[in-house]
Amino acid sequence: MAYYFDEPSHTFGEYLLVPGYSSTDCVPTNVNLQTPLVKFKKGEQSPIRLNIPLVSAIMQAVSDDKMAIALAREGGLSFIYGSQSIADEAAMVARVKSYKAGFVTSDSNIKPDQTLEDVLALTQRTGHSTIAVTEDGSANGKLLGIVTSRDYRVSRMPLDLKVSEFMTKFEDLICADETTSLKTANDIIWEHKLNSLPLVDKQGHLKYMVFRKDYASHKENENELLDSHKRYMVGAGINTRDFAERVPALVEAGADVLCIDSSEGFTEWQKITIDFIRQKYGDTVKVGAGNVVDKEGFLFLAKAGADFVKVGIGGGSICITREQKGIGRGQATALIEVVKARDEYFEETGVYVPVCSDGGIVYDYHMTLALAMGADFIMLGRYFSRFDESPTNRVMVNGTYMKEYWGEGSNRARNWQRYDMGGDKKLSFEEGVDSYVPYAGSLKDNVTLSLNKVRSTMCNCGVLSIPELQRNARITLVSATSIVEGGSHDVVLKDSNISGYSYK
Ligand code: XMP
């Protein structure tokens, strides 16, 4: 007879936190959000700790080098998507490791024979108002000029006017040599009242842009996630197929941690992949594994040597695995069971294997709940895809700015390895959708706001750190009626944006 789980499985939306006693020192500024990323022994500290408990999902629409830099700057970590060629993934990792704060690789570029109409489309798509005009339209092509909103008036100029006719030409631009320090670049910007300064090499090829508006963010952020050489830390996704070639390339490029990216991780393929890494690198290369939704899955991966274990099947916003295959489990129930297994495993072996709750975060308070339920850190896709720093286009849909967001199991991603159970290379059905999410602005502003809410809730619970929250949180299941009671009700809203749930 089949095995039946006793209880229905639940999602985050069905739980609330019950406040605990808070002393007067329990204020948000005193809350410490540091958390372990990889396993460690009792009495020791994790060799890699995040400064905030957020990591970005291993997805084409979420985690490229730009996202990784923005998130590491705030203290979190991105896992660069593995559903691309080994060379391209390694190049993204290498770009994060060689990133120089304040020096931006231009990602709004155009050719001189393109038109004003192209400029407007590019501005709308990227949200940037400074466009580099290069010979071949690439980020590092020969710089011919710059276009900003000061260079054109849409009402007075034909849309088919060539960029070369209204751009500020190279000879009229103030540029600096590629070796210029950030301090000198900022001095030039202030002295000449510029909004941006292009840095070029001896041949006049564009290397970087330095922007006046970024000045404040050039100053060191105390939360930044840095390696021992003061470079930003970055993770990378791998699969259970081409690991023998992909892992060495990513290690060589400087990846700080790897993660096997699979929709279902309770498989021998994951053990084979971890074995390969242990044989070649011992414990020096860190690798997470997953995804699992129960005790057995966790124990299998912990014993196989995973440095952390990722939890979640089918709870992601773009996932249709549950509809397509009928597998999965409510994210909260899965997490609670895996966390219990992690704690028992720690008791028995003295080895703490951090748990990552992956997918299904809708409201900011779900982050606090996931941590309270015992997650050490949280992986988010939809959340990060809405920001300026995600790799996808910003588009106007019905008068509102949206960003594109698609699942790794969608036709668009063509990431069949993530869903590969060792049989056919290409499955014949999708496990994810292609969608839009409301554009939400900069990562920094959003992460600051979300984590301020997390800190504030932690103070309501009377705790100042994630381990304390995990030990002391009091969590209650709520009835369907009390969920309705939790939102504004029985009133007519004047402005639907004030509900605070605008990103749903
Ligand atoms: P959120 O809810 O943050 O979830 O958008 C992100 C997580 O969803 C998983 N993922 C998928 N799951 N089909 C699935 O069943 C897909 O196409 C897909 N793409 C991503 C993944 O774990 C990610 O971190």
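A Cβ is built for glycine as well, from the same backbone N, Cα and C atoms used for every other residue.
Database features (TrEMBL):
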DOMAIN    103-163  domain 'CBS'
DOMAIN    167-225  domain 'CBS'
BINDING   D261, S262, S263, G312, I313, G314  NAD(+) binding site
BINDING   G314, G316, C319  K(+) binding site
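Structure coloured by features recorded in TrEMBL.
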residue	record	contacts (Cβ under 8 Å, 6+ apart)
D261	NAD(+) binding site	I58, F79, Y81, G82, S83, G237, I238, N239, E408, R418
S262	NAD(+) binding site	N239, T240, W269, Q270, G290, N291, R418, Y419
S263	NAD(+) binding site	N291, I313, T321, G409, R418, Y419, E431
G312	NAD(+) binding site	G290, N291, V293, Q331, A334, L335, S357, D358, G359, G360, M379
G314	NAD(+) binding site	T321, R322, I327, G328, R329
G316	K(+) binding site	A57, D358, G359, G360, G381, R382, G407, G432
C319	K(+) binding site	G359, G407, G409, E431, G432
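Other than the site residues G314, G316, C319, same-chain residues with C-beta atoms no more than 8 angstroms from the centre of those residues' C-beta atoms, the K(+) site, are G312, I313, G315, S317, I318, I320, T321, R322, G328, G359, G360, G407, E431, G432. A Cβ distance below 6 Å to any atom of ligand 1 is met, among the binding-site residues D261, S262, I313, G316, C319, by G316, C319.
Each of E264, G265, G290, N291, K310, G316, C319, T321, D358, G359, R418 belongs to the same chain as D261, S262, S263, G312, I313, G314, is absent from that list, and has a C-beta within 8 angstroms of the C-beta centroid marking the NAD(+) site. Residue counts for the domain 'CBS' (167-225) under DSSP, split into helix (H, G, I), strand (E, B) and coil, are 20 helix, 16 strand, 23 coil.
When the domain 'CBS' (103-163) is classified with DSSP, helix, strand and coil residues number 15 helix, 15 strand, 31 coil.
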